């Protein structure tokens, strides 16, 4: 695997642990599926392979979405936000995006519904 392009790396703002936020959106629906963490290596792997790769803070290692579950994310595009501290991955989701098996990590707890 190649390293992250220095031109991209220089634009990223990371936290004290060297991580930044990744927001994952489904290409077909525009629905936000999940929020995860990435490090430079995870982003480099994602850009190189188009397989969504994240960094697990609890395990202290990278993980490729769907490698064990089969619930994969094929990356269509990656965008950097205006502050440089968040990337947006637009993906084609196969199966549930959430570790609970739900389609999104935001299916379970509606705190405020639409004002009808």
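Going from the start of the chain as shown, residues are counted 1 onward.
Each Cβ is built from the backbone N, Cα and C atoms, and glycine gets one as well.
Annotated features, as they stand in Swiss-Prot:
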- 81, 83, 85: Mg(2+) binding site (BINDING)
- 82, 98, 105: Zn(2+) binding site (BINDING)
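Excluding the listed site residues 81, 83, 85, the same chain places 13, 20, 80, 82, 84, 86 with Cβ atoms within 8 Å of the centre of the Mg(2+) site Cβ atoms. Using a 10 Å radius centred on the Cβ of residue 105 (Zn(2+) binding site) and all shown protein chains, the other Cβ atoms total 17.
Cβ neighbour count for residue 81 (Mg(2+) binding site) (all protein chains, 10 Å cutoff from its Cβ): 13. Cβ neighbour count for residue 98 (Zn(2+) binding site): 16 (other Cβ atoms within 10 Å of its Cβ, all protein chains included). Annotation: 85 carries the greatest number of neighbouring Cβ atoms among the binding-site residues 83, 85 [cut-off 10 Å, Cβ to Cβ]. Recorded residues residue 81 (Mg(2+) binding site) and residue 105 (Zn(2+) binding site) have their alpha carbons 21 Å apart, per Cα-Cα distance.
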